[in-house]
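Asks: According to TrEMBL, the protein carries these features:
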BINDING   B:258, B:262, B:288  Zn(2+) binding site
ACT_SITE  B:259  active site, proton donor/acceptor
C-alpha cells in the first residue's frame, strides 16, 4: 500500500461515511417536518440502525492503518487528514459501551425533559440529568487525558476554545453589556412594540422572499415549518425551517434569516469539498457567526429594516408603526425576558454567560443537580433583575443539557463575537453596503462572506478562518462597539 | 450456538436490515416529492452508499451459518425463515460483479429512456435496452439453473407464478375481453365524457377526503404530489402520492384511491411483523389486488360513484353530468387509447397481455431490440385496431424495461384477477355492502380485506393468501363475470 493508495482508499471510505451521515441528517429533517406522528417508534429503530452503521464505520480498524500510511499531497489533503485524525482519535478514546450508553440515555432524556418542561416538574427531570452529566463526565475524562473536563467537551463544538479564554472574554463583555442594558431600559424614548395579527400564508410568502433576498439557493434547499426552526444538510441539499406565530411575524422572519445564514454557509462551501470532512462548516461558533450576521448585523440593520418596512406595508397594510425609523426601533426593541431564544441583541449574551457558569460548575462537580434550580433562579434574579416564575421559563427552557450538550452554549456567544469582527471587516470592504441593503439587496454582504468565510469549509481552524477574513485575531471589541453604537442610536442616548 | 440463539441472532440482524431498507425507501420518497432539484447528483451518491450497506448485509457470510443452524419454533418463524432463505439463495446465486453492473446500467438506463421518450427517439434507447436485457438474461441464467429464464424473472415479483400458467390464463381471458370491448364500443348508448376545469386545491381536498373514506390512517401516512403517483414504506409509515390534471380530476381521485389500496395493505399487516420479512405485502400481484379492488370494484362501483357524484356537485357545482347514473357511466367510460396507465377496466389487461408476449420473446431471444418497435406497432394495431402515432405512445411509454423489470407486467393482470376473486368473496360475506358504499362508507369492505388478506403480510404464499380469503383457488372467472355484468349494465346491452 503506497501512501497515495492509502490516502485514496481512506478518502473513498470517508466519502461513503459522509454520504451516510447526510442520509441520517435527512432522516432527522423528515422527522421534524413531514413524518406522520404514528411513525415515531419505527423511526427510532430506523435511525438506530443507521447510527449503528455509522458507528461501525467510524470505528473501522482500517482507519488506523490508512491514517498511519497516508501522506498528504497538499494543504487541502493535510486538512482532510487533520479532521479524520481528530475524529478518529476522539472515537477511539471512548469505549464503545460508554458511547452506546450515552446515545441510549440522551435519546430517552430528551423525552423526559420535554415532559418535565410541559409540567414544570424539575424533580421528574433531575435523575436523568444527573445520569447524563455523569456519563458526559466519564466521556470527558476519556478525552481530557488529565486536562480540564469542560475544555474537553467544548472542544467538540469549537476546536481550540477553552473555558479559561471564554471566561475571560465573558468577563470583559459583561460590564459593557450591563451598562448598555441599563442605559437602554432607562431611556426616555422607548420603541413601540408590534401589535396585530399577521396571517400564516402571508408570513410564509414574506419568509420566502426574505430567504431569496439573502441569496438562499432554492435549487439546493427548501423551507418548511417546524416546532423549533433548524437548518439541515450539507453539499447540495441544505434545507431550512421556520415557525409562524400570527401575533409575532418577526419570529418567523428572523428565524428564517437566521437559518438562511446557516444554510448559506453550507451551500457556500467549495463544491470540491462536498462529501469530505472539509465539506461542512468548521465549528459551531463559525456557523453561528453566519446565522447571526445574516440575522442581526444585516437583517436588523437600519438600512435593511427600511426595505422590510416597505415590504410589510405592502403585504399587511397599516400595522400601526409609522415610518421606517420607528420600525427599526420596533424590530430592535430591548426587553427583559426569561427565554434565551427570544432575547434581543443586548440581552442575548447575558443569557449565555449564565449557562456557561452553571454548566461548568455542573461538569466540574462544584454544583449538584439538586441545587441547580435554586442556583439558576438566584443567578437569574441577580443578572436580570426579575424572578423566574416557573421552571419552564427557567432551567427547563433549553433542550441542550438533556441531550448532553455541555460546552455548546458558549459557541452561541462566540458566534456573536465572530459576527461582530466579520461585520467590521465587511463594512470596511464594502463601504456603500447600506445603499444596497436599503433596496433589499444583500448580495455584496453575502458575497463577501461566501468568499472570505463560507467557501473554505473546514480548510482552516475556526480562529484562522475568522482571522484571515478580518485581518485580525477575533475579539469581543467590535461586537460591543457595534451594539453600543446601534442601541444608543435607537434609544436616542 | 443453539438453534434458538441462531434464530434470534438472525432475526435481530434481519431487523436492522429491514430498518435500513425502510430508510432507503424513505430516501426514494424524498427524491420524488420534496428533494430540491439541484440535489440529484449528491442524492445518487447517498443512495449508492446506503445500497452498498444493504448489499453487504444481504451477502453477509453469517447469514448462511444462521440459516443452517436456525430451527423455527412455530409456523410464523418458519415463514420468516422461508423468506430469508429465499432472498439469501437469490443473492448468493448472482455474482457480485453482475449485481453491481445491473445496478449501474439500469440507473443510467432510466435517464436515457426518459430522454428518448421525450424526443420520441427509439434509436437512442436501443443500445441501452439491449444491454439491460443481456444483463437480466445473465441474471436469469444464474437463477434458473437450467429452467426457463423468464420464469426465473417472474419469480422475483410473484413467487410461484410461471409464464406457462400466466399465458394460459391470458388465453382464456382474451376472447371474453375482446368480445366485451367490441360490444361496448359498438353500443348505442355511450356515456358522456367529463369536461371542464377542476382547480388543484379543490381536487387535493377531495383526494384527502377519498383517502379518509377508504380508511387511510393519517397518523401513519401522508399525501403529497409526485409526477408519477406511488406509495412508499411499510410498518407505521406508508405514504402515498397523487397528481393533479386540472381537466381530469378522475386522474387525481383514482390515483389516490389506488395508492391508498397499496398503503392500506402495508398498514393493515399485523404490527407484530413490522421490520421483519413478514412485514410487507407478499407479492406484486397481491399488492395490486388491493390497489385495484379499492380503485375499481369499490371506487368505480355504482354505489360508491353515487356518493362521489354528490361530493363533486357540492365542491364543483354543476359540472355537466346530470345525475348519479350518468356519472357512473362517465367514470367507467370505455375508450380506445395508447397508454396502459390510462386504460379503462375493459382495455387494461389487453395492454398487459401484449407486453407479456413481447418481453417473453425478448428474454427468450426470439425478438431482438431492433425489431421491437415494429413488433409493438404491429401487435398494437392487431390488438387495439389503431396505429401507434409515435413511440412515446408506443414502446417507449413505460419505464419498466429500462430499469430491467421484465416479468413485472403480468403481475398487474394477476392483481386484477385476484381482485375479481376477492370481490366475489367480499360480496358474499357482506351482502349489504352497496348501502354502505352509497353513503361513502367503505369500512365493511376494507375491514374484510384487512382481516382476510392484509393482516397476514408475508405469512402465506400469494396463491395461499387469496385461496384462504376466497375459499377457492384464484382464477380469471370472477373478474370476467364482474366486468361483463358491469359494462353490459352501463352500456345498456
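Every residue gets a Cβ built from N, Cα and C, even glycine.
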Asks: Under 8 Å Cβ-Cβ from residue B:258 (Zn(2+) binding site), six or more apart in the same chain: what's there?
Replies: B:229, B:291, B:292, B:294, B:295
Asks: Output, ordered by sequence, the same-chain residues six or more apart from residue B:288 (Zn(2+) binding site) with a CB under 8 Å from its CB, or 'none'.
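Replies: Correct list: B:411, B:412, B:414, B:415, B:416, B:418, B:419.
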Asks: Please determine which of the recorded positions listed here (B:259, B:262) has the lowest count of neighbouring CB atoms within 10 Å.
Replies: B:262
Asks: Please list, in sequence order, every residue of the chain apart from B:258, B:262, B:288 whose Cβ lies within 8 Å of the Cβ centroid of the Zn(2+) site.
Replies: B:231, B:259, B:261, B:287, B:290, B:291, B:292, B:294, B:295, B:415
